[in-house]
Amino acid sequence: MPSYQYLLSLLFYILDCTDRFSVIVTIHNHRVGVLMIVLLQDQWKSYCRTISLLAFQSFGVVYGDLSTSPLYVYKSAFSGRLNNYRDETTIFGLFSLIFWTLTLLPLLKYVIIVLNADDNGEGGTFALYSLLCRHAKFSLLPNQQSADEELSTYYQPGVGGIISSPLKRFLEKHRKLRTCLLLFVLFGACMVIGDGVFTPAISVLSAISGLKDPGPGGIPDGWVVFIACIVLVGLFALQHRGTHRVAFMFAPIVVVWLLSIGVIGLYNIIHWNHRIFLALSPHYVIKFFKMTGKDGWLSLGGVLLAITGTEAMFADLGHFTAASIRLAFVGAIYPCLVLQYMGQAAFLSRNMSAVEDSFYQSVPRSLFWPVFVIATLAAVVGSQSIISATFSIVKQCLSLGCFPRVKVVHTSRWIHGQIYIPEINWILMVLCLAVTLGFRDTTVIGNAYGLACIVVMFVTTWLMALVIIFVWQKNILLALLFVVAFGSIEVVYLSAAVTKVPQGGWAPIVFAFVFMLVMYVWHYGSRRKYLFDLQNKVSMKWILTLGPSLGIVRVPGIGLIYTELVTGVPSIFSHFVTNLPAFHQVLVFVCVKSVPVPFVPEDERYLIGRIGPREYRMYRCIVRYGYKDVQKDDENFENHLVMSIAKFIQMEAEEAASSGSYESSEGRMAVIHTEDTTGTGLVMRDSNNEASGTSLTRSSRSETLRSLQSIYEQESGSLSRRRRVRFEIAEEERIDPQVRDELADLLDAKEAGVTYIIGHSYVKARKNSNFLKTFAIDYAYSFLRKNCRGPAVALHIPHISLVEVGMIYYV
């Protein structure tokens, strides 16, 4: 490749906007005749405006936590035996440690390297795990298919095909290693949930602690804790309203906060000790450890708090772009934080007695109250961002089948992924209040908070190493270099944080253990239940021996049988027809499953297939969601399903005609675009209330059932808003007679009504199971199932159309 092409590639990589520019290159006789880069002025301005706007918005969502760290870093660092070293050299060395920690981890590791490891624009621990599962067979999701690999979001653009290696084959071969990888990821997720407890507690308590000594009117510690608890209760109580209504204020608050602490830091440098600039040299780090020894190492638990919130840069990548997050950090966050830490160090070098409240003591008295108000607001913003991140991480665990079913509410019509989980919100509030009231000290809370944050960073480092090997397909030595460079720093900080376990560091370990236990029990029980279904599914031979009527009465209507199986017929079907020998004229086995991608495009969400011969009128529908997709109540699901099946019938007939074989192929699945109604052979017309009523009158439902449904629809807001449509076979199209008959049966069944059938399962351990398995299944898993949301609620099934079939699973 000529050198100028390398330069162009480098330019486009840096700008991250290759689709926004026009590049004209004229080459003559293998030499550069004319090299012209025409930047379209309007597109350039639009790009700059977009990046600037996203960078501005990222202040309120991404950097609220990181920007409030100056409230408590120096106090936590001097809380131990380092308090015995009150001299300028120690202060300078401590600031040098903070500066180089900010430079090496947030700036070098995350901004320059980790932000490149996005999963279709998404970031975070699960994004890395998802990338690994798609480029190697690491996934433990039970119902994966080869058709999932055909999703447009499955493989990264620009990444080569999957290559085999001894390490890859070794990890894929040993299931225990893949289980350990999942547990490693879940452990990091549990620590993020711990952040959702400790961040609001330490941020709000640190901000309110300024009231302890604003002058002669200082208030007691008990009142500080009480006021902090009131603020925390208000913060969690307002979560159900959604943050989008006040989110426009978040970024300005953090920007004002950053400018304030930056200016105050610069003032303190000039006013107290401008020699602090010398501490930018790493030489002071060496002097610091030579002077303090083990005591200096123990103080790293406090220095660690300077980078809490760094993981949010990667975790919240999906809401912004890598370029905007980089711009915000390099242009504002990094310089303002460095100035503030430098200013506090300059102040402390002349006022060592103020170390217990160094931030507020370093603020000029005339600016105390404005800074106090801004600090409190910034603490709330930082807390809000981590609470939202906790909701997101629980949703992702739910998608992996590693968390009990909870209610996920989409709080914003415009912001995708803005969710609220009531159960998690109230659990976080109770734990946060318990931490605030129990510890009552930011230093102790900081010990717990720091341990949780460094563990999450450590998990990211090792996952990034695997991504470098298996996704980026780089040399293993490069991955080892990454681990050595950053993992060694994090191990040093982790070792210091572990020493704080008796002084509050035990809290994140306990929280992580409890959440990990819940996740593992749920995953174990759900997988055992799935394996039971897989081993006891009905054979097609048995289905075929029954004939087209299935040996039962086929009543009008469509029966949707929900199952986790993507192949075969679940045992719930045989259990139902054995006890009630009647079923609907059209059967659809529906599987709602998760795939290891962040989002599944709407036009690729549905997979439709046929079960058995054509005259059986049995179909399969697989609905696929990504780990960031929110399964909202689809008001048009039934209409989409009918159109999708109709389109599949047409596609199957066309392929059969072209191949000359009219036998249906069992197991064949096709992606159906639900928004595209062409080629279905149907016409969908809006139906008014009168027409709808006429349609119901012609149906086979009894007068009592129609009356109950009418009352239910009036009381249910979601059903009353559903679009009423009527399907007709297009007369002008030339349709094969067999296809027309099948479409007519489908429409008659739709007019008769749709019934949802799900299993009401009771999971029990086998009699010969050991004690641990019996306890896990019969007590722990059973308790979680009884106290979480039912499958009908999670799947948004209308109660008036629901039939539950009881089954006992002996696993």
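Placement of Cβ uses the backbone N, Cα and C atoms for every residue, glycine included.
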> Looking only at what Swiss-Prot records, are S362 and W472 on the same side of the membrane?
Replying inline: no
>> With helix taken as DSSP H, G or I, strand as E or B and everything else coil, how many residues of the topological domain 'Cytoplasmic' (388-418) land in each class?
In response: 12 helix, 2 strand, 17 coil
> For the transmembrane segment (218-238), which stretch among 182-202, 297-317, 327-347, 419-439, 451-471 has the most Cβ pairs under 8 A?
Replying inline: 419-439
> For N351 (N-linked glycosylation site), which residues of its chain lie six or more apart in sequence with Cβ-Cβ distance below 8 Å?
Replying inline: W272, Q361, S362
> Looking at 53-73, 451-471, 504-524, which one has the highest count of Cβ pairs under 8 angstroms to the transmembrane segment (246-266)?
Replying inline: 53-73
>> Quick check: do the transmembrane segment (451-471) and the transmembrane segment (297-317) share at least 3 Cβ pairs under 8 Å, counting only pairs 6+ apart in sequence?
In response: yes
> Taking 3+ C-beta pairs under 8 angstroms (sequence gap of 6 or more) as contact, is the transmembrane segment (297-317) in contact with the transmembrane segment (419-439)?
Replying inline: no
> Which residues of the same chain, at least 6 past either end of the transmembrane segment (504-524), have a Cβ under 8 Å from a Cβ in it?
Replying inline: 183, 186-187, 190-191, 193-194, 197-198, 397, 400-404, 431, 435, 439, 444-452, 455, 497-498, 776, 780-781, 784
> Can you tell me the three-state DSSP label for N351 (N-linked glycosylation site)?
Replying inline: coil
> In the same chain, who gets a Cβ under 8 Å from the topological domain 'Extracellular' (497-503) while lying at least 6 residues past its ends?
Replying inline: 298, 300-301, 304, 444, 447-448, 450-451, 454, 509
> If you count Cβ pairs under 8 Å, which stretch among 53-73, 94-114, 182-202, 327-347, 419-439 touches the transmembrane segment (476-496) the most?
Replying inline: 94-114
